């Protein structure tokens, strides 16, 4: 073998010398005479085994170089001979010899390697609606069934087609968007054995089929000189290849600066924010700014208008005639619209330049953020004749002030002031009214109540009642009694456009003199009938009022205790609690969605709040509001709920207040949104998937440690007053089923700008550890309420909400619960009460205390461990029920309750309120039942919350709440956080 190889080497050297001699002796070849180089061995393909030698010879008078190419990688040599002593699989590829004329010849070499059938080039990208090459060329062309296979035995999409080439790889035809993240292998059969390449994950770049979507934060801006102009353009497209810019129309010069920020949202959505700012705007910066974006499909643009003024302004537009006439007892609204920039700071109505009135509403003309036009309405109700005059609206901002005046004239029916004086033979009638009344005289013989024969007056005088031009006008009319020759009655009638009135004077002749017989104001049968009708109407209204008061009335459930006198609790009137206007939130930044709950007078609506946390962030919230059918009582009750929530402050296990809208429209109370609804229905949904055993997962502790470490900076630096519970991503791979359930919950507390690929809490099973966690969290929340001297009075599973991470939050649906149609609320007196959840002292003596809340908590535990069953099953609330409660009847242990938890229930149901545990003691008892990891989790989450928990106040130690003769009057308004 060695001798044969030596012979070949000798022949090769001899041939090489010959070529050199030939090349040196022959004249140069012209380009037109060039021919293709020749390669030895003269084959298109060469197959060698791994470890063998590759020896290739290129013969050409004008030889330049060898080029080796595989998987897009090139290497070159300038020798005529290419020698690879020990071939490897990576030497598989195309070898090309190129001469000076650019002509070339190629040979493809396969280096057969049993251990490496495929050469791989990663990653794999493809453009939608184009072909893409899976680079997995073979090292052995003699294999069979060279194709693509899905990972883990999964089938490829039915519409996926491909073409295989052993030298290049496999080309996928017409890539579709649905192929994105498709996992596949190159496969082939080698000597009867199926071989797979490393896995490829296809990443599809979307085809551009539409122009970019462009929007701006605001479509118009109004600024004063020196203020900052900042507008953000949002461009949405399928890829980052989109171009964008800001352009000021009709101008090439601008002091504006731009800043770009971009990110991918999902697989086929790319977003870019292009922010344009002018740090100090000037009048000549006014104009139209266009955000322009284009891609290969086309272009799109959107504009925003900037108007810069040298100083602020106020322009007032009365929406009615400024001279107003209104009848006595009627209502009128004085309406003005005004434009103001900056925003108005002061608004006021002045009556007769002396006194102010607050019966007005002021609100933006439009919900648009760019709105500078406002509406102000002064409501004048049941105006009296003395309330006519000038009403002036004043408005001001930091730069200017302006005003407009309305002249209000009250039309009044004439009033007869004097009619029964007979002086020096003259009879005088004096009447006052507006407009000026007209007085007519009538005479009839005898004593009559109404006369019809007209008599002309002797003298008529008109004068104003006061200096003010808005008062009544007084008219004097005089008649000579010599006109009358017989006994009779003289009637004075005064009338104007509003109405009329009359009076009569009866006289008789005695000798030659006339003397007054009787003077009276007309008292007609019509007036008598009116009085009777009015009396009947009053009786009817009184009956309706009585019936209304007998109906169950709504009242705020949560009560804040001020002090205790023996058995009597003195509550703070919630209407007297302060309301801090820092909670105000612009109602035009709320976008309402579906209704979450509704009662007779109120409802809770899902909404999106823009700018509640950050100026450019959206957050899902719950908004409590009144229905149009609500009365004054319900309006006051909703405001009381708002004040109680703002007084309590924030805690992880109550539904926290986020904001409110109390100005310029109906009251709106904005609270945290709990996506999984109330705990009662959650438990009932989970009955079929409940896992009875209690599982300890020590890996969970490490999982939460990692979670909390990742959030440490955000916990310490956060300025929010609540937790933003949006879904996130868990970075720990669970190893067991319980781990999987726990990690999904944890993921909901991690804040990232990516879409989480985790299971939702609502899809996970329920186990005993969850029930213990719920009972523990509710006890913590109730301990917090107790520390704030707040009594809940309606603690039940239906009033516990559930959010991400299976965090429970205590709430009071209040106006938004339809208690009229809820069988849990029973009519007792003039109220509907949750009797089955109430302590005996509350049922029979109407006493609500911290201890009665503990009783209700025991009923809640029974609901919890029965997975949402109704308490006292099969027992209607009737006299028998009340008798059994008095005699000490208590429910048996629910099906899934551990013995220790049933012991807690029984202590909560002690007949003596003073022997019931406090919520602080209940928390300590349950801590012994829950797993160490769950306790550690809750503690860390509570510490991570912006509102950390301090030790709860133990009310049984601080005060003797119920039935103690030793308890004296003690103030409870001490501010302690839990």
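Numbers here mean position along the shown chain, with the first residue as 1.
Backbone N, Cα and C define each Cβ position, glycine as well.
Taken from Swiss-Prot, the feature ATP binding site covers 597-604, 624, 672-678, 798. The domain 'Ig-like C2-type 3' annotation in Swiss-Prot covers 212-309. What Swiss-Prot lists as domain 'Ig-like C2-type 5' is 414-508. As annotated by Swiss-Prot, domain 'Protein kinase' applies to 590-939. What Swiss-Prot lists as N-linked glycosylation site is 94, 130, 145, 284, 294, 301, 321, 353, 368, 401, 464, 487. Here Swiss-Prot flags 1-25 as signal peptide. According to Swiss-Prot, the site 'Interaction with SH2B2/APS' annotation covers 569, 938, on the basis of similarity to another entry. Annotation comment: Swiss-Prot describes 938 as site 'Important for interaction with phosphotyrosine-binding proteins', evidence class similarity to another entry. Sequence annotations record features per position, and here Swiss-Prot assigns topological domain 'Cytoplasmic' to 547-978. According to Swiss-Prot, the feature transmembrane segment maps to 526-546, an assignment based on sequence analysis.
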Rounded to the nearest Å - Cα separation of residue 368 (N-linked glycosylation site) and residue 672 (ATP binding site): 25
Three-state composition of the domain 'Ig-like C2-type 3' (212-309), taking helix and strand from DSSP: 3 helix, 60 strand, 35 coil
DSSP three-state assignment for residue 675 (ATP binding site): coil
Cα proximity to residue 487 (N-linked glycosylation site), best match among binding-site residues 597, 603, 672, 675: 603
When distances run from the Cα of residue 353 (N-linked glycosylation site) to each of the binding-site residues 597, 603, 672, 675, 678, the nearest one: 603
Nonlocal residues around residue 569 (site 'Interaction with SH2B2/APS'), in sequence order (Cβ under 8 Å, 6 or more apart): 559, 561, 791, 847, 848, 849
Residue 401 (N-linked glycosylation site): tally of other CB atoms within 10 A of its CB: 12
Nearest of the glycosylation sites (130, 145, 301, 321) to residue 678 (ATP binding site) - Cα to Cα: 301
Residue 130 (N-linked glycosylation site) - helix vs strand vs coil (DSSP): coil
Residue with minimal Cβ packing [other Cβ atoms within 10 Å] among the recorded positions 294, 301, 353, 487, 675: 353
Residue among binding-site residues 597, 672, 675 with Cα closest to the Cα of residue 284 (N-linked glycosylation site): 672
Number of Cβ atoms other than its own within 10 Å, given for residue 321 (N-linked glycosylation site): 9
In three-state DSSP terms, the structure that residue 368 (N-linked glycosylation site) belongs to: coil
